[in-house]
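Student: Got a structure here, written out as structure tokens. Questions coming.
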């Protein structure tokens with residue numbers, strides 16, 4: 001009886017120790033996030049006090065006169081990420097649909113492996129490929145034809161205007177889309193495979209086409225996972241540094257068209273932080289704080305959207 005009591009007490013001690021250890025690991029995440037945010041706020045305090053809220057809509061970046069603004073990097077970051085999603089989401093959906101519904105069994109594994117290999121390529125390789133391979137081809141063979149095709153078309157003429165530099169916002173968004181396609185595709189493929197076969201077979205038995213099955217059966221069943229995959233790709237696009245730095249042009253000017261060179265927050269940090277000091281360093285840290293807040297807001301919005309979709313789904317049932 002005594003040995004049994006000792007064993008029970010020892011097991012209870014181990015359970016408490018295990019519970020407290022795992023709880024400390026969980027709280028460590030919040031501590032790290034708070035520490036990162038606190039360090040960014042502390043490092044950017046000089047710029048915050050000097051420029052105030054006007055830092056967000058000032059488009060000048062002049063280290064000589066000590067004038068700094070975040071508008072150009074913020075616009076560049078959001079614009080390249082939007083272009084990347086605009087290209088990557090439909091392509092990823094098509095690949096995932098082909099792999100789960102149309103591809104023969106013997107072809108699914110090689111394509112899946114190729115997608116995983118794309119995800120494993122370092123971002124600097126994408127940047128070098130974009131600069132030395134894609135940019136010259138795009139500048140000579142693609143960009144001039146796009147500019148001439150939309151010349152005279154309202155709105156589109158302004159969007160696709162400008163000399164064919166090759167580098168610019170559109171090129172950065174295109175390279176980003178290639179980088180995030182593997183991540184979005186992998187998530188979509190996995191969630192599409194979770195759909196019960198009976199649902200799809202019932203739809204096919206009623207005469208539905210493959211597109212109708214995907215649009216009316218698979219997507220409603222997996223919408224939460226699909227949105228999560230898209231948000232994963234957006235998070236990768238917002239914070240990408242080296243690939244964008246190679247091809248965006250690194251110009252502190254608001255882009256007059258998608259073909260114009262510009263800058264992003266991550267690129268500005270990569271290019272200038274090593275040699276920065278004083279107010280410039282503080283302004284760069286404030287840019288980092290803005291990027292941190294943007295990614296936090298995007299993540300919070302995606303969580304709220306998923307929660308709302310889950311509630312609507314539960315209500316409809």
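Note: Cβ is positioned from N, Cα and C throughout, glycine not excepted.
Just so it is clear, the model here is predicted, and its values are computed rather than measured.
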Student: Among 111-135, 136-160, find the range that TrEMBL records as transmembrane segment.
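Tutor: Feature transmembrane segment in TrEMBL: residues 111-135.
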Student: Considering only Cβ pairs within less than 8 angstroms, which of the stretches 21-42, 70-99, 165-188, 226-248, 287-307 has the most against the transmembrane segment (111-135)?
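Tutor: Out of the listed stretches, 165-188 contacts the transmembrane segment (111-135) most.
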Student: Residues of the same chain, at least six outside the transmembrane segment (165-188), with any C-beta under 8 angstroms of its C-beta?
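Tutor: The answer is 76, 79-89, 91-93, 95-96, 115-116, 118-119, 123, 126-127, 130-131, 134-136, 138-140, 143, 222, 225-226, 228-230, 232-234, 236-237, 240, 243-244, 246-249, 255, 258-262, 264.
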Student: Which residues of the chain, 6 or more past the ends of the transmembrane segment (21-42), have a CB below 8 A from one of its CBs?
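Tutor: Residues packing against the transmembrane segment (21-42) from afar: 48, 285-286, 288-289, 292.
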